[in-house]
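Enquirer: Input: one structure, supplied below.
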Amino acid sequence: MRYLTSGESHGPQLTVIIEGVPANLEINVADINEEMFKRQGGYGRGRRMQIEKDAIEIVSGVRNGYTLGSPITLIVTNDDFTHWKKIMGADPISEEDQDNMKRVITKPRPGHADLIGGMKYNHRDLRNVLERSSARETAARVAVGAVSKILLKQLDINFYSRVVEIGGVKDDLEYDLDTIKSNIDKNDVRVVNDEIAQTMRDKIDAAKKAGDTIGGVVQTIIEGVPVGIGSYVHYDRKLDGRIAQGVVSINAFKGVSFGEGFKAAEKPGSEIQDEILYDTTNGYYRGSNHLGGFEGGMSNGMPIVVNGVMKPIPTLYKPLNSVDINTKESFKASIERSDSCAVPAASVVVENVVAFELAKALLEEFQCNHIEQLQSQIKERRLLNIEY
């Protein structure tokens, strides 16, 4: 299973082609659009999300509600393109066109791809870099993840994501999984505790007022993953490694951990390793889940717990110093419309990116042409955990 995305932030559309989805999988557009809607939400989002009404259109690979086994093509229209047709259109324009020249960017923003991307691809207008490097592309990746989640749900694999920290305000209380499930969508910061949610909102408001931005930590929990997905044999087949790469490939993500993550460095091994237990109903299981569902690069049957660290968004309304690439003079960096905090929305992005990585690994592990084959093989693997 693989995918390709194309499109610019203010271009006419984002396009996704997904290859390798088994045939006979029931696809409901409303389920995909629900994920798209969640990505647009969250406290701290900017004005762009008031313009876009993200909804996907399926143009290939699905007929009468079921996948065909051929490549699936999805389109997400950029409503804001209406205001950018001349600037972002494919047709040549005159250098004397003043409307376009006003949008030329020569002052790169610290923390963005602007300067290095301009150097690498020899662009003198840095808009050619920022349009593709924009986090707008994550809308396409969420669409891919939504299809992946539909597939995984047919295998009784379910996802939950939440915010655990924004701008130093932490929701680090211990919750059972049922409490997390029932509370994550009850407020606009996607945090379990409502009192902590308000403190986070206040933190976001203060950053916005100061022309600044803040980051945070998000968590994705996956329930129902069968044992042995991934491999200890080869470095590039370790499932936790593949998930880690997927997470840090998301715009502004600078770190990833599993289970207790970096806290493991503070504790002795006796408090971090998860004891192995057995009963005739569940088979092998662990007495705890400090390692977040992984051993040796493979799923061990416990819930997979992925933590991702998002840096503050680098576009600031009180910009930092930069240098004009034409004059080499010092200036304040360019300002683009942006969010003051996108951590709640990013939790949705991480969830869907992880869903793709897991679906891809499963389809490599269990070769199949249609969903019924896959379901049969997953059932056998689950029995292995009891019978071994």
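From the backbone N, Cα and C atoms, a Cβ is placed for every residue, glycine too.
These came from Swiss-Prot, pasted as-is:
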type: BINDING; residues: Arg39, Arg45; note: NADP(+) binding site
type: BINDING; residues: Arg132, Ser133, Ser134, Asn251, Ala252, Gly296, Lys311, Pro312, Ile313, Pro314, Thr315, Arg337; note: FMN binding site
Enquirer: According to DSSP, folded down to helix, strand and coil, what is Arg39 (NADP(+) binding site)?
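Expert: The three-state answer is helix.
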Enquirer: In the structure shown, which of the binding-site residues Ser134, Thr315 has the fewest other Cβ atoms within 10 Å?
Expert: Ser134
Enquirer: Where Lys311 (FMN binding site) and Arg39 (NADP(+) binding site) are concerned, what is their Cα separation in Å, rounded?
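Expert: So the Cα of Arg39 (NADP(+) binding site) lies 18 Å away from that of Lys311 (FMN binding site).
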Enquirer: Within 10 Å of the Cβ of Arg39 (NADP(+) binding site), how many other Cβ atoms are there?
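Expert: Summing over all protein chains shown, Arg39 (NADP(+) binding site) has 27 other Cβ atoms within 10 Å.
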Enquirer: Return the residues near Ala252 (FMN binding site), defined as same-chain residues 6+ apart in sequence whose C-beta is under 8 angstroms from its C-beta, sorted by sequence, else 'none'.
Expert: Ala135, Gly215, Met310, Lys311, Pro312, Ile313, Pro314, Ala342, Ala346
Enquirer: Please report how many Å separate the Cα atom of Arg132 (FMN binding site) from that of Arg39 (NADP(+) binding site), as a whole number.
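Expert: With the alpha carbons as reference points, the distance is 18 Å.
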Enquirer: What does the structure give for the C-alpha distance between Arg39 (NADP(+) binding site) and Ser134 (FMN binding site)? Integer Å is fine.
Expert: 15
Enquirer: Out of Arg132, Lys311, Ile313, give me whichever of these binding-site residues has the highest number of other Cβ atoms within 10 Å.
Expert: Ile313
